[in-house]
Amino acid sequence: MKLGKVELCRFLQLIALFLCFSGMNQAELPRSRSKPYFQLGRSRTKRSWVWNQFFVLEEYMGSDPLYVGKLHSDVDKGDGFIKYILSGEGASSIFIIDENTGDIHATKRLDREEQAYYTLRAQALDRLTNKPVEPESEFVIKIQDINDNEPKFLDGPYTAGVPEMSPVGTSVVQVTATDADDPTYGNSARVVYSILQGQPYFSVEPKTGVIKTALPNMDREAKDQYLLVIQAKDMVGQNGGLSGTTSVTVTLTDVNDNPPRFPRRSYQYNGPESLPVASVVARIKAADADIGVNAEMEYKIVDGDGLGIFKISPDKDTQEGIITIQKELDFEAKTSYTLRIEAANRDADPRFLSLGPFSDTTTVKIIVEDVDEPPVFSSPLYPMEVSEATQVGHIIGTVAAHDPDSSNSPVRYSIDRNTDLERYFNIDANSGIITTAKSLDRETNPVHNITVLAMESQNPSQVGRGYVAITILDINDNAPEFAMDYETTVCENAQPGQVIQKISAIDKDEPSNGHQFYFSLTTDMANNLNSSLKDNKDNTASILTRRNGFRRQEQSVYYLPIFIVDNGSPSLSSTNTLTIRVCDCDADGIAQTCNAEAYILPAGLSTGALIAILACVLTLLVLILLIVTMKRRKKEPLIFDEERDIRENIVRYDDEGGGEEDTEAFDMAALRNLNVVRDTKTRRDVTPEIQFLSRPTFKNIPDNVIFREFIWERLKEADVDPGAPPYDSLQTYAFEGNGSVAESLGSLDSNSSNSDQNYDYLSDWGPRFKRLAEMYGNGQESLYS
């Protein structure tokens, strides 16, 4: 029987598989390392995984993979049909497993501080079917700690302060170090503290890290700052432990343990007697080694002959004692003062009072220097009174001043005219007597405040000032008058006895007992039939009607003179006029219409007169307007004055060329005399090499030729002209042609014999052109013969 190719291949595969299983059963499984491993128990009723924790040391530095442990399943008979796989944290990257034996190795260096344990999953599979023969099981590989981290001070370097003079054991600051090693395993993380630098001044608690003072009475003024070095060591400080250090800067803070002291036992200062009050005479300062509030001073004068003359106060910024003047100094009265000054701390510390008194005293002597002082008045203000009726030259009062210096120089007086501009007063230069220089009026100025100057005769620059207040006493020199300009109305239907106005009076005088006015009608009006007056005895009076039946048509205005007398001595009086207008009133007595003529008649003009004046003014304005209009329309005469000679006038033509529109219609032939031939300008400074011929006339020549020839002539003139600018410039030319039949009158060639123009028509233009006709007429030959 022959086998096909397919059957032959299957047969060979079966033989190869049989040989492989036979070899595996005969071969021995590789023995594991001597390190213990954990596997499932042989006796079980149900297949399962049971694992303990695996441990591996951190920081393994060997060249070979580190053996961790062994996985084993009770299904594995050692025949090679079971393979092990590993999954989870670090599988394949950190941890590898021998799929035949289940041995686990670590291929990388592990650090417990980075990761303390790894969670993995184990799986046993059938090698042929790749199916699990055991349920997946989870286990942990824990990293075993070694002492590979030194203690670290996370908050360093430290700064702290402690009061000076503190007792031993005063807490300064606490330092703390941390160790990243496992605190639950061994002594790798157990730290103790010690001081490497800073002894014998400070100490540190080994377990807590609290720094304390180790010496008493440390003085800030001797040394105010200390640098400490603190060490933290693990393994409880044993040999082989790791350590770390930090620095601590300790500053001694100030306490008030130093009293103030004056550098000198006495001081001397000089000051002129002219110093004003509150001026600074001297500054003294007591030294204090303390700082801040502990160095703040208080100064006071405890003794001496200048207690009321001087005072001392502290300067908060500099802690100096400032001595100032309270009263004016006088060299002639006292030449020197002695002061006993005490300086003390503002806040004393009771703990240090035993060190001595916290105050000190010194002596200050102040020498007063003599200066040339201005004269001094005996009084700062001289009040005086004078009646306004006083005659010129009357003595008002006297001022007195003296020279305070020892020389006692004579004094001369004068009035500061800036305070007496109207020169109402005079003063005697030697005696100081003040007199009136003008008549006084209390109503104009009731009080005069003047300044009197006193100067030394020997030194006029020394001037003293005295102040005089002169009150003007009142006399009754002003008559009473109406309090206002009264004007009232009376109704046509007013009844007798009706009050139509209440009046009052004023008086510029000011009597000592007050004003009292008396009102009455003048003698000639006392018995008038229209109005009456009632004095109210309170400086007012009432005006009443005496009758009824007032009519505007009969009389529209009444004038009532009123006599007013004051109570002065002697009394004065005046007559004031009250204007009463008659008005048409309603039933309630309210005026409706008053005669308008009453407002015009006092001015002396009637309504008709005002209308006539207004009409005249308007007529005058119209005439002025017509004259101005006619003058503006007036034209200049076309014919000159016959007596004026035409040759005495110069006519200027300043017309400039037109714009683009005018230029387009420009006729060159009409703008110049084509019969005139101009000579070419030649240079006068050199001999010409070419003689220019006379130019032909441009009559009957096309315009473009005229333009070309004209520009060519101007170009030649510019080339030979020595005064032409040496650079290109814009040249402007204007033609004054022969637009008139008479051609150009300004051309000198027009009177030559070559001209064939007939000027006989000039004789027909009148006497103004007579002279011109003689020059250009038929008789011109005789004119030039």
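For all residues, glycine too, the Cβ spot is worked out from N, Cα and C.
Within the set Asn449, Asn567, Swiss-Prot records N-linked glycosylation site at Asn449. Less than 8 angstroms from the CB of Asn530 (N-linked glycosylation site) sit Thr545, Arg546, Arg547, Phe550, Tyr558, Leu560, Ile580, each of them six or more residues away in the same chain.
Secondary structure from DSSP puts Asn449 (N-linked glycosylation site) in a beta strand. With DSSP states grouped into helix (H, G, I), strand (E, B) and coil, the domain 'Cadherin 5' (482-599) comes out at 6 helix, 55 strand, 57 coil. Broken down with DSSP, the domain 'Cadherin 1' (49-153) shows 0 helix, 45 strand, 60 coil. The domain 'Cadherin 3' (263-377): residue composition by secondary structure is 10 helix, 54 strand, 51 coil, according to DSSP. Its own atom aside, the Cβ of Asn449 (N-linked glycosylation site) has 12 Cβ atoms within 10 angstroms in the protein chains shown.
Helix, strand and coil counts from DSSP across the domain 'Cadherin 2' (154-262) read 3 helix, 46 strand, 60 coil.
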